[in-house]
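Peer 1: Let me begin by handing over the structure; questions about it come next.
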Amino acid sequence: MDIAKALHDEKVVASVCQDTARLDDLRHQVVESTQALFGDAPIEAPRKGVLQSVCALVRDPPYPVTCDTPAKRLEEYYKRRRLPSDEVSMKLLLGLGVCSVIFGEFSGWNAGVAAAGYVGFWLANLAASLLYLSLALCLGELTQAVPPTGGANAYARAVFRRPEPAIVVGMAEAMEYLLFTCLLLSSFSGLMSQIYEFSTAYSPLVWLVMLSFAGYSVAFCNRLSWNLMYIGMVFCALQIVGFAAVWSVSGYVSSAAWLSVGWPDGTTYQQMLFGSGFVGFCQAVPTSLWFYTGFECLSSCTVESPVKKDVPRALIGSWMYLSTCAILLSATSVLIRPGTYAMSQALYPYVTAVMAFAPVQYVGIALLLCVIPSLLFNLLAMLFCASRQIWAMSRIGFLPTALSLTHRTDRTPRNAVAATCVFAFFVTLALFYATPSKADSILMNLTILSACVQYVVIAATYIGFRAQYPSAPREFQNPLGNAAPVIVIVFSAVTIVVYLASSILFLYCVFVYAAFIGSLYLAWRSRKQPLYPSAEAYMPIFWR
């Protein structure tokens with residue numbers, strides 16, 4: 001039987017865990033116990049203690065007791081947590097990869113223009129593009145070696161064979177998607193207030209409507225949600241290309257006319273082009289990440305992909321799509337009226353650009369048709385990704401296992417979707433009323449922090465995988481080799497250091513983030529419950 005198919009069969013997983021992996025772990029326990037207690041003494045000496053350990057494992061197995069034998073208990077546990085069996089095509093995977101990022105094409109990326117200058121901004125975009133290309137290549141190879149779903153935590157658990165790396169990267173990925181969902185809700189209120197002077201008092205009601213729509217689509221209409229994300233990808237591509245063409249034809253692309261408009265007195269032309277030099281470049285790299293942040297969620301979709309190479313292709317295809325959008329927006333929307341400096345200060349650069357050139361009577365309609373749909377598509381994709389990651393962390397036993405239960409007929413993780421919606425609503429509500437002027441900044445900082453932590457652990461996992469298992473079977477191999485994870489680690493570290501050096505708010509966010517993840521870890525440790533056996537934890541059996 002093919003290994004990838006076998007690992008999706010709960011019976012095979014149960015058999016592997018019961019007959020092979022536990023014996024392998026027990027062998028390590030015997031060796032360690034012998035060395036610790038008896039040094040070079042014969043192995044027969046601790047036989048009595050080993051037998052007691054075996055009895056303890058059988059008496060108190062590390063998974064729910066619902067059947068007669070350990071293998072059947074594990075089989076029953078997985079059977080109640082199956083995902084939908086719908087097989088999605090390459091184009092639908094691309095839709096998810098693009099829609100999980102698409103609102104970042106319209107906001108968040110422009111803050112680095114003033115610090116780096118226009119040329120420095122382009123170099124920062126190039127660095128961000130290289131980072132995410134390297135990340136896509138690393139994930140593409142890991143998805144071939146570790147086919148079970150669960151995202152980055154599955155890779156870390158398979159390579160390190162320790163719970164801590166899997167918990168760190170899994171919760172970092174979950175927090176990234178959850179906080180991005182909160183940011184989308186908060187941004188929607190800001191957009192409506194800026195464009196239509198919408199009263200923020202009604203924002204919670206609007207959030208409920210948005211979450212209800214997205215949550216219902218993900219929980220009850222799984223196939224529809226995939227199709228909607230594909231439609232969103234096509235719509236946003238036509239939109240960005242169309243507006244770039246309109247701006248160019250209308251004659252607004254002119255560095256001589258708009259590059260120098262609005263800058264403070266005394267700013268030289270060299271500063272407009274290169275900003276603060278290398279320091280400005282480093283400050284612009286974190287903001288350029290918003291062109292790409294989120295598409296790594298595709299690594300969680302190996303169950304839905306019928307072809308093993310579809311996920312790596314979707315990762316590379318999403319990167320190419322987003323890179324094209326970044327080039328078009330950098331080349332056009334910055335070099336238009338009201339000027340480069342004004343665009344660098346805009347809260348929503350795409351909105352500012354449209355309001356600058358569209359006829360006044362059509363501005364509201366243009367923005368309603370262009371910006372709001374991209375936000376809704378992004379919300380749908382983020383809710384999908386966040387609920388899948390909550391499901392994955394619950395399935396291995398770190399979060400409450402009830403969150404990973406799926407519906408008996410359509411197999412959608414409705415409990416995880418509901419938990420995601422509740423978390424997003426109340427976190428956004430708390431920040432919106434506690435610090436209304438800084439809610440977006442806090443959520444952006446926490447999202448970037450979660451993403452960078454995740455990227456560093458993924459890169460370390462990839463290095464460990466290639467070092468320990470160079471002959472492991474996989475159909476896709478990273479052409480950059482170990483250079484790719486090094487690039488990911490370097491630019492992720494630069495992002496964290498720059499934020500720490502330039503923002504006291506980011507430092508507070510680091511403490512809050514560490515406290516939250518640490519409290520979840522301590523709660524898990526207090527239960528004295530090991531992570532449940534799963535296929536990815538025992539992949540090294542097949543790699544040897």
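Here the Cβ of each residue, glycine as well, is placed from N, Cα and C on the backbone.
Note that TrEMBL annotation is computational and uncurated.
Keep in mind the model is a prediction, meaning the values are calculated, not measured.
Relevant sequence annotations retrieved from TrEMBL are reproduced here:
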{"type": "TRANSMEM", "residues": "88-109", "note": "transmembrane segment"}
{"type": "TRANSMEM", "residues": "115-139", "note": "transmembrane segment"}
{"type": "TRANSMEM", "residues": "177-196", "note": "transmembrane segment"}
{"type": "TRANSMEM", "residues": "202-221", "note": "transmembrane segment"}
{"type": "TRANSMEM", "residues": "228-253", "note": "transmembrane segment"}
{"type": "TRANSMEM", "residues": "273-293", "note": "transmembrane segment"}
{"type": "TRANSMEM", "residues": "314-336", "note": "transmembrane segment"}
{"type": "TRANSMEM", "residues": "356-385", "note": "transmembrane segment"}
{"type": "TRANSMEM", "residues": "416-434", "note": "transmembrane segment"}
{"type": "TRANSMEM", "residues": "446-467", "note": "transmembrane segment"}
{"type": "TRANSMEM", "residues": "479-499", "note": "transmembrane segment"}
{"type": "TRANSMEM", "residues": "505-524", "note": "transmembrane segment"}
Peer 1: Near the transmembrane segment (479-499), which same-chain residues lie under 8 Å Cβ to Cβ, leaving out any that are not at least 6 residues past its ends?
Peer 2: 127-128, 130-131, 134-135, 137-138, 282-283, 285-286, 289, 445, 448-449, 452, 455-456, 458-460, 462-463, 466, 506
Peer 1: With the transmembrane segment (202-221) as the reference, find which of 177-196, 228-253, 273-293, 314-336 contributes the most Cβ pairs under 8 Å.
Peer 2: 177-196
Peer 1: Using Cβ atoms and a strict cutoff of less than 8 Å, what residues sit near the transmembrane segment (314-336) while being 6 or more residues removed from its termini?
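Peer 2: Contacts with the transmembrane segment (314-336): 90, 93-94, 96-98, 101, 105, 109-110, 113, 118, 121-122, 125, 128-129, 132-133, 136-137, 139-140, 233, 236-237, 240-241, 243-244, 247-248, 252-255, 258-259, 288, 291-292, 295-296, 298-299, 301, 305, 343-344, 349-350, 353, 356-357.
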Peer 1: Checking distant contacts: for the transmembrane segment (228-253), what same-chain residues at least six beyond its ends satisfy Cβ-Cβ under 8 A?
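Peer 2: Distant contacts of the transmembrane segment (228-253): 91-92, 94-96, 98-99, 102, 105, 217, 321, 325, 328-329, 331-333, 335-337, 353-354, 357, 370, 373-374, 376-378, 380-381, 384.
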Peer 1: With Cβ distances under 8 Å as the criterion, find the stretch in 88-109, 273-293, 416-434, 446-467 that has the most pairs with the transmembrane segment (177-196).
Peer 2: 416-434
Peer 1: Grab the same-chain neighbours of the transmembrane segment (88-109) for me: Cβ-Cβ under 8 Å, and only residues 6 or more beyond its ends, written as numbers and ranges.
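Peer 2: Tertiary neighbours of the transmembrane segment (88-109) are 184, 187, 226-227, 229-233, 236, 240, 287-288, 290-295, 297-298, 301, 304-305, 307, 310-311, 313-315, 317-318, 321-322, 325-326, 329, 347-351, 371, 374-375, 377-378, 380-382, 384-385, 444.
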